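Trainee: The structure is given below, and queries will be raised subsequently.
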Amino acid sequence: MKVLCFALFACAFNLLIGFAGLLSFGHAAFFGGAAYIAAHTVKVWGWAPEFGLIAATAVAGLMGLVFGLIAIRRQGIYFAMITLALSQMVFFLALQLPFTHGEDGIQGVPRGTLFGLFDLSQPLTMYYTVLAIFVAGFALIWRTVHSPFGQVLKAIRENEPRAVSLGYRTDRYKLVAFVLSASLAGLAGGTKALVFQLASLTDVTWQMSGEVVLMTLLGGMGTLFGPVV
């Protein structure tokens, strides 16, 4: 289950760097931020796990939109450094905000019952739920990469000036890719919070951003199955 959570996280990051050519050092903000949202909504507000995951994914997507609007017009190392700076802001917020419980994190997150039918406290049920989430996320990435939108992303990765000369508004394509990547990273983070029954500062540190970069590079950047491996 843990492997599937991080595999989805790596696949989400690979969509950005491998197919859009954008290196982000701030993806831990989406992963960890979503973990906090899922944990808080499920434990404190008593939401069902499916609604907690939806909220986590939506918040991560919104964060991705804000990050993207700020950083997307920069390229190369400047883009990466802006995402890192924004991610560090999220880290310090997670350290200070009362609902995150500081260094203790949110512990003892109940897994609950999915759709009122499936008891996620049962390990086998939880495993198949995480597997279904991973397959759905991976299928969305596969469909995106093989769509006309995905082909434009590859063109931007290979030669952005040429894509601009062909009439594509590259900033918009990159922004959509960034938001989609952030949302899927958030889905992975929210799922991780349910699996571990914990959301902590570890999820939003720059080391977590570094780990997903390494996972993607070692597995094979720009390939669909590489980050999974």
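First residue shown is number 1, and so on along the chain.
Glycine is treated like the rest: Cβ placed from N, Cα and C.
Not measured: the values here are computed from a predicted model.
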Trainee: According to TrEMBL, which listed range is transmembrane segment: 1-19, 77-95?
Mentor: 77-95
Trainee: Short question: most Cβ pairs under 8 Å with the transmembrane segment (126-145), which of 52-70, 77-95, 175-196?
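Mentor: Between the candidates 52-70, 77-95, 175-196, the best contact partner of the transmembrane segment (126-145) is 175-196.
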Trainee: Could you give the residue numbers and ranges of same-chain residues that sit at least 6 residues beyond the transmembrane segment (77-95) on either side and whose C-beta is under 8 angstroms from one of its C-beta atoms?
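Mentor: Contacts of the transmembrane segment (77-95) (Cβ under 8 Å, skipping residues fewer than 6 from its ends): 22-29, 32-33, 36, 63, 67, 70-71, 102-103, 201, 204-206, 209.
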